[in-house]
Amino acid sequence: WLVIAVGLVRAYLAKGSYHSLYYSIEKPLKFFQTGALLEVSIVPSSVVLTAFQVMSRVFLTWAVTHSVKEVQTEDSVLLFVVAWTITEIIRYSFYTFSLLNHLPYLIKWARYTLFIVLYPMGVSGELLTIYAALPFVRQSGLYSISLPNKYNFSFDYYTFLILVMISYIPIFPQLYFHMLHQRRKVLSHTEEHKKSE
């Protein structure tokens, strides 16, 4: 994720603009985000929440941004990429220092505080990107299967994307309030521990 962050900064400095920076980090984003599937059962977080988060990001990376080329120039893509990148750099730093039994308070604080801005920022970018993809998906019939066919089955990817967007309504607050709960628990415990020393 540090590779992606450096790629974004270098591309911005070279272009002097934040528009269309996606192309500068497209390959590492696809590689690292897809690789995150391996961590679902490894990280010490809730398997269900981690699986949902990773799968939604992989879906957005491949089934939306990769598949609908027209959205790759949207500023909303940069919004979620920046949010994901900062979040993951902090999260992996947190896990690394925790494994080394030397977790600086600043990293713990960042892990349980910056999400307050980064989660809504990432979700906004994701939803705006899916929304921007809708007209192109409808026009092209991307991934849609219409009747009649030998399987007697139909699938409308346009409608599916709308359902994905609607699913954020019940799921995002659960993730967000889970993190707020974790923040209160972890940081208040740290403060109590400092006072007792």
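The backbone N, Cα and C atoms fix where each Cβ goes, glycine too.
What TrEMBL lists as transmembrane segment is 112-137 (among others).
TrEMBL lists 157-177 (among others) with the feature transmembrane segment. Under 8 Å from some Cβ of the transmembrane segment (157-177) lie the Cβ atoms of residues 49, 52-53, 59, 64, 115, 119-120, 123, 126-127, 130-131, 133-134, 137-138, 141-144, all in the same chain and six or more residues away from its ends.
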Are there residues at least 6 beyond the ends of the transmembrane segment (112-137) whose Cβ is under 8 Å from a Cβ of it, and what are they? 56, 60, 64-65, 68, 70-71, 74, 76-84, 86-87, 90, 143-144, 157-158, 161-162, 164-165, 168, 172, 175-176, 179-180, 182-183, 186-187
